[in-house]
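First comes the structure, then the notes that go with it.
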Amino acid sequence: MVSGILIGTSLIVASLTTSVVQMTVTLTLGVSCLSCSSVLMRAAVARCFPINYGTATGLAMSGFPVGTLLIAPLTQLLLDTYGWRAAMMLLGAMSLHLSACGALFRQRSRGSEKSNQYETLREDDDLDDSSPNNIAKEKSRLRAFKDALTAQTEHFGFSVFLKFSFWIATLLEVCIRFVSDQWLVYFVPQAEAKGFSPQEAVTFVTAAGIGNIVFKLVLGVVVDRGLLKLRPAMAAVIVMSCVSFVIVPWVTSYWMTLTNAVVFYGSCGAIGSLIDIFTRELLGVDLLISAFSWMEVISALVSLGFGFYPGWIYDETGSYDLAFVSLGCVWALSLVALLMEQVNARWYKK
């Protein structure tokens, strides 16, 4: 609810600003809550659907491509009709509906919350602190400090850093998020560089958005019904996406480009849902908010640090082909994460 209020208010206030600095500060403070609402939504779905989680997360996360398909032309219509200030104000008013969505959630009681409650001391433990038996049972100061530090790390969400499974899921998330973000930024310029018109490029993106929704829903149902196990499904989607990048230099016709866009962005939607299922299996429900939050932060830092290089490759070579092939190699690193998880699981069993 707070995220919805801040997002909507920031857009409305930004529409009234008179300088670039004012608009930048306003949007930075408010729109940063978009990631917060995304993390909370993903964690809420994981808590509310212990079964059929694949189908549930596919439906929940289909809102992003649906919004991409609907809000983009609506925004252009508002710009043409009312101008940028009124358009931004109306988008802010629409964003306030996120607060209503948050108000519809009910707090679920969780057994894990018992760990935050006080525990009753046994009577015989509190009789004589100076007896040899009680002194032997007391924890050392170092152990007490360690316990206190552990409690604080868990409270602030740092405890996930100590889990190897978190870094496996993070490697997956970073590779997938970085490549999908770069595809969204550079696909339309890449299509125009190959000779397609802007209208044709928009058609490719629209078809890709529809494929994103379909792939999410279908693969979620397939995994939930046990028709295909989670890890083989993830590996198949990753390989299919890698192939779509590798063949980019030879994709020149209209229908090949359209199919390639649908396959890749559809795979992005499917693997995004599967990563959430994978993370819940590795870390459990209680650590999902911390895990998703830090995964978002690390992904953002990677995109901020290396997001320029596809454009730099185009500036140096005059073609996006090498840039897209290199993105496919980054995407393939997610297979290393799956392999690491299998090795770690076998080592743990031994």
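In case you wondered, yes, glycine gets a Cβ from its N, Cα and C as well.
The transmembrane segment feature in TrEMBL is assigned to 20-41, 53-74, 86-105, 160-179, 201-223, 235-256, 262-279, 291-310, 322-340.
Sequence-remote contacts of a segment are chain residues at least 6 beyond its ends whose Cβ falls under 8 Å from one of its Cβ atoms, and for the transmembrane segment (291-310) they are 35, 38-39, 42-43, 157, 160-161, 166, 169-170, 173-174, 177-178, 181-182, 185-186, 279, 283, 320, 323-324, 326-327.
A Cβ distance under 8 Å defines the sequence-distant neighbours of the transmembrane segment (53-74), meaning residues of its chain 6+ beyond its ends; these are 41-42, 45-46, 91, 206, 209-210, 212-213, 216-217, 219-224, 269, 272-274, 276-277, 280. For the transmembrane segment (201-223), same-chain residues at least 6 beyond its ends with a Cβ under 8 Å from one of its own Cβ atoms are 54-59, 61-62, 64-66, 68-69, 187-188, 191-192, 229-230, 233, 237, 257-258, 261-270, 272-274, 277. Residues 190, 194, 196, 200, 219, 228, 263-264, 267-268, 270-271, 274, 320-321, 324-325, 327-328, 331-332, 334-335, 338 of the same chain sit 6 or more residues outside the transmembrane segment (235-256) yet have a Cβ under 8 Å from a Cβ within it.
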